[in-house]
C-alpha cells in the first residue's frame with residue numbers, strides 16, 4: 001500500500017509483490033515464445049499436429065513457461081532484494097545486477113528466439129506454398145498429357161489408320177468408357193487417377209491455417225516488440241548507467257506500455273480469428 005508515494009507495509013510483502021510482478025511479466029513473454037514454438041511444430045509436422053500428443057505438448061509448454069518464469073523471479077522472494085541500508089519506504093528492485101539478469105532472461109533471450117522461429121516458420125510456409133502450387137501445376141499438366149495423346153495421332157498418320165480411341169463408334173477395350181445417357185454419348189477416362197476428396201480437404205485446411213498464420217504473426221510480433229522493447233531498454237539503462245537521468249514519467253509510461261501488451265493480444269487474436277469472433281458474438285447474445 002502506498003501513501004503519498006511511500007510504501008507503508010512490510011518489506012516481505014513488498015518482495016512478494018516484486019516477485020509476482022517479475023514472474024507475471026516474464027510469463028507473459030515466455031507465453032508468446034511458447035506459442036511460437038507450438039506454431040513452429042504445427043508447420044513442421046502439419047498433418048500430425050492435431051492428432052499426436054497434443055495434450056502432452058500443451059502441458060509441457062505451459063508448465064515450462066511458468067517454471068522458467070518462477071525461476072527468474074524467485075531470487076527476489078528468497079532475499080535478493082534485502083540489500084544493506086535498504087529504504088523500507090520504497091518498494092522496488094534494489095539489486096542492479098538482478099535487474100540486468102532478469103531483463104536478459106525475460107526479454108533479450110526469448111525475443112530473438114521467438115523472432116528466429118517466426119522467420120523460419122514464415123520461410124517454411126512460403127516454400128510449402130510454392131511446392132504445393134508446383135505440384136498442382138504438375139498434376140494438371142500430367143492429366144492433360146494423359147487426356148490428349150499426341151503420339152497416337154502421329155502413329156495414325158503414319159499408318160493411315162484411324163485410332164480406335166478417336167472413333168466414337170468403335171468398340172472400347174474398357175467397358176463403360178462410352179455410355180449412352182438420354183441419347184447423348186458421354187466419355188469416361190478410367191485411366192486418370194484423382195485424389196481422394198478427404199486428402200484435398202485436408203490440404204485445404206492446412207493451406208487455410210498457413211494463410212491465417214502469415215496474416216496474424218507479423219501483427220502479434222510487432223505489437224510485442226512495440227510494447228516491451230521500451231520497457232526493458234529503459235530499465236536496463238537505469239541499472240547500467242547510474243549517471244543517466246530518466247524522468248519518472250518515462251518509467252511509468254514504458255511500464256504500463258508493457259502491461260498493455262497483455263490486453264492487446266486477445267484483441268489481435270479476436271480480430272484475426274473467425275472462431276474467436278463467433279464465440280464472442282455468442283457470448284454477447286447470451287447477455
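Cβ coordinates are placed from backbone N, Cα and C, and glycine is handled just like the others.
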Point to revise | Stated TrEMBL location of transmembrane segment, expressed as one of 98-125, 126-153 | key: 98-125
Exercise for review: Counting only CB pairs under 8 A, let me know which of 16-37, 58-78, 213-234 has the most with the transmembrane segment (98-125).
Suggested key: 16-37
Exercise for review: Please indicate, using numbers and ranges, the residues of the same chain that are 6 or more beyond the transmembrane segment (58-78) and have a C-beta under 8 Å from a C-beta there.
Suggested key: 15-16, 18-20, 22-24, 26-27, 30-31, 33-34, 37-38, 93, 98, 102, 105-106
